[in-house]
Structures are given as structure tokens and as C-alpha cells.
Amino acid sequence: MFSIFGVLLGYDSGNMCLIYLDFAAYFKNKEKFLKELILSFSVGSIVGGAIFCTARLRKLIVLLLLLIADVSAIIGCLGMSYSASSTQIYIGRGIFGVGISLMSISMPIIIIQIWPTKCKIVATTGLAYQIGLVASQLLVAGDGWRSLVNSYIWLLLPHLLLLVFVLCFMHKGVGQSQSESRVDGVFQNCKGLVASVIVQLSASVLGVKDFTKLTSILANADLSDYVTASSLLGSIVSVFLVVKLKRKVLLVTSLLLMTVELALMGFLVPNSGPTLTKVMVCSYIFTLCSVMSGLPSVYTFEAFPKEYRGVGFAIVCLLTEILQVVIFIGLDMLTIDMGFQGSIYAYAVLSLVGLVLTHFFVFETKTT
């Protein structure tokens, strides 16, 4: 049951991500476009996170966020496809960015609220989510924005099924008691809050979606199929690693490997052929997904006491989104003139920072 839910969740989210990526390629000034979307992401994430942290009727709020996300995406797509002026295009971009960010902050919250806090269930749902993302990318076909909009509208059926899942299976009592809705209890558990933000931030900043943008620089090679295969394989491995191994050991090992892989990539790839490029990118993506696809959600579960987990997860998502925006804007400014090697080394430094923070501030949690 939860695997079907994960596939639907990834399928629905994948439609938005696909349209966003295609639209980024459609515009000549990609850097300006991406910065505008980052700003709109932050607005949607802050609004969605703030609503969820303070609301008591969690099921109603999650349904509302999902509906707003999809409606915003459709309105934004229509506005960008049929706009007659630059002002309308800017408005369409902003609306679409808010829609994606609301979906991104809703997804982990939905998973944590619907299913029991068993690490294997959460990890398997993460794998199913990856499969849903791939399915959406394979089935949405056509050229041009009007075709994408039409495809997206026709693919609303999985989203309706997703809403049915939320209505039927989301725990009615979650987040409704006074003790569970207290934000101060989350901040009192400062150690868990800091550790969870570090884990979530490492996964999001070094994640596949953002790294795909970076790999577009590589030798003009089309790496999308290789990235997809590596991410799926890594997600499968993640289900077993999360259950068998300790949390901090997994995090430290993966971040150490990713730092080394990024450093080698920056040194070797510019002077090598496409084959080595594909091997190194696939190795990095596999290392990332074998840990980061399932562990961040599981760790956030376990880092907070049971009575604060719902609100704690929402606050962690909110703080992560805000910090992620700051990092992305700063990284874009630093890497504009740095070229391929500079960009790769910048990611290696971020991975190294994550490794250091994980070593000093992330603690072991008990398996649930």
C-alpha cells in the first residue's frame, strides 16, 4: 500500500519538476530564470512551512497545500505558455515556483504523517517515490509548452488518487492535540533540531536534481539516463542500508566518498573522455542516493521525541529551505565565472563542510 502511495507521490511531483526543467532550458537567460525561481521557491516554502507548523488540522492543511501546489503549477504553465508580455511571464514563473515549493515541503510531511515511524517503511516509500519520478518523466511526451501543459492536465488522475490516499489513510489525530502542536518543544530539543537540519541540508544541496544542473556542463554529454539508473539503484540499496547500519556511520561514510569523488571529478574529467565522465557521475549519484534518498526522513523521525515529530519535521523542512536558498544564491554567484572545475570544487567544499558538521553535531539515533 505505501509503495503505491510513494509511486503516486513521485509521479505527481515529477510532472512539476519536468516542466520546470524544460522551461529552464527554453529560456536563453538561464541564470536569471533560475534565480527568480529560487526566490519564488523560498516564498512558497516559507508560507507552506509556517502554515503547517502552526496548524492543528494537519490533514486539511496537507490537502490544501497539495491542491494549491497543483493549481499553481497549472496556472503558472498556462501563464508562461500563452503570455503576451514579459510581466505575465514573470507572474507565471512566480506562481509556478510557489507551486513546486509547496509540493516539495508537503511530500516528506505526508510520508511522515501517514505511515508508522518504521525506518524500512519510510525508506521503501522513498524508493517508490523515485520510481514515480522516473515514470512521470518517461510518460510525459511532446514538444513545446502547450504540449507539456496538455500532458500535465491529462495526468491529473494520479494526483486525484494521491488526494484519496491522504483522505483515507492520514491519521486523524496527528497534530491535533495541544502537546503535539507546541513549537517550543521542538526548539527545546536543540540538539535534534540542529542535527536534523544538517542531514536534510546535506541531502538537498548535494541532491540529484541540483547536481544534474551541474553535470550539464560535462562535455555536452546527455547523462540523464545514467543519472536516473544510478539514482534508482542507489535508492534500492538505501532500503537495506538504513535498516542494517548506524545512522552516523552511513552519513560520514557517504559524505567522505562524495567529497573524494567530486575532487577527482574536478581534476580528471576536463582532460578525459565521455566514458570516464559517465562512470564518475554515476558513481557519485549512486553514493548519494544509497544513503540520502531514505536516511534524512528516517533520521528526522528518530531525532525528535514522538510527541513533537510532526511539528519538528515541518520546522526542519522550513529551516532547510531557507538555508538552501541562501546557499544556492551564493553558489551561483561564486560559480558564474569559475567554469566546470570551479563549480565541481565548490560542491566538493560543500560536501566537506557537511562531513565536518556531521562528525561534530549529528548524533546516533535509535532504530524505530
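Indices start at 1 and increase along the chain as displayed.
Backbone N, Cα and C atoms are what each Cβ position is placed from, and that goes for glycine too.
According to TrEMBL, the protein has these features:
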TRANSMEM  37-55  transmembrane segment
TRANSMEM  62-84  transmembrane segment
TRANSMEM  90-114  transmembrane segment
TRANSMEM  121-140  transmembrane segment
TRANSMEM  152-174  transmembrane segment
TRANSMEM  226-243  transmembrane segment
TRANSMEM  250-269  transmembrane segment
TRANSMEM  275-299  transmembrane segment
TRANSMEM  311-331  transmembrane segment
TRANSMEM  343-363  transmembrane segment
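Annotation: stretch 226-243 has the most Cβ pairs under 8 Å to the transmembrane segment (275-299), among 226-243, 250-269, 343-363.
Beyond the ends of the transmembrane segment (343-363), by six or more residues, the same chain brings 191, 194-195, 198-199, 201-202, 205-206, 211, 214, 217, 247-248, 251-252, 255-256, 258-259, 262-263, 265-266, 269, 299, 327, 331, 334-335 to within a C-beta distance below 8 angstroms of the stretch.
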